[in-house]
């Protein structure tokens, strides 16, 4: 009887299914929020570069933020970043191809720096013509994928994201929401898909890294239990 009284009282555990769903659901929300704010921040910075060089033009009545950006741009980019960042690790699990190439935060930060550099080149560097600019940015974008990703799922998702994002941009320009100076590819600039492709790879790497951190935390908790 004394031995039973001396035994420490252990907390009652939930069933494995409920515990797994709760932890993964909460981590999914946290990852989505982090990705959203990263996308908002990058949208503000990169859109500022484009506007300073008069690459994109917004009507005066929709310019409302201190970064001279339409109010809807940061939330849309943040939402897209969250979706992309969550989609990449989900696709890896679905295909059974865990992404293990350069999985550390220093590599992810270098990928972000290269992506910002590609955007900077599209806005600041003067090329002889749009074809030369587009080919250069295409090579840089594929180089970014090869350097920081190298997965078939990453390349396929990047191409799909570039296609859909370019189509949405064309529809927005067609409806007069904003416009590009010197459009040369169905209302937009021909190098725009390269930017979207590089952006998809970048946010995918961030999402994968966050997902890997989540798996480590869950594994540690399971080991402690």
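Heads up, the Cβ atoms here are built off N, Cα and C, so glycines get one too.
Taken from TrEMBL, the feature transmembrane segment applies to 28-49 (among others).
Listed by sequence, the residues of this chain that lie at least six past the ends of the transmembrane segment (69-88) yet keep a Cβ under 8 A from its Cβ atoms are 28, 31-33, 35-40, 42-44, 47-48, 51, 58, 62-63, 99, 153-154, 157, 161, 165, 177-178, 200, 203-208, 210. As annotated by TrEMBL, transmembrane segment applies to 69-88 (among others).
Sequence annotations record features per position, and here TrEMBL assigns transmembrane segment to 131-148 (among others). Listed by sequence, the residues of this chain that lie at least six past the ends of the transmembrane segment (131-148) yet keep a Cβ under 8 A from its Cβ atoms are 101-102, 107-108, 110-111, 114-115, 118, 121-122, 125, 154-155, 158, 190-191, 194-195, 197-198, 201-202, 205.
Among the features that TrEMBL reports, transmembrane segment is placed at 155-174 (among others).
Long-range contacts of the transmembrane segment (186-206) within the same chain: residues 35, 38-39, 42, 55, 81, 84-85, 87-88, 107-108, 111-112, 114-115, 118-119, 122, 130-131, 133-134, 137-138, 140-141, 144-145, 148-149, 154, 157-159, 161-163, 165-166, 169-170, 173-174, 179-180, each at least 6 residues beyond the stretch ends and with a Cβ under 8 Å from a Cβ of the stretch. Here TrEMBL flags 186-206 (among others) as transmembrane segment.
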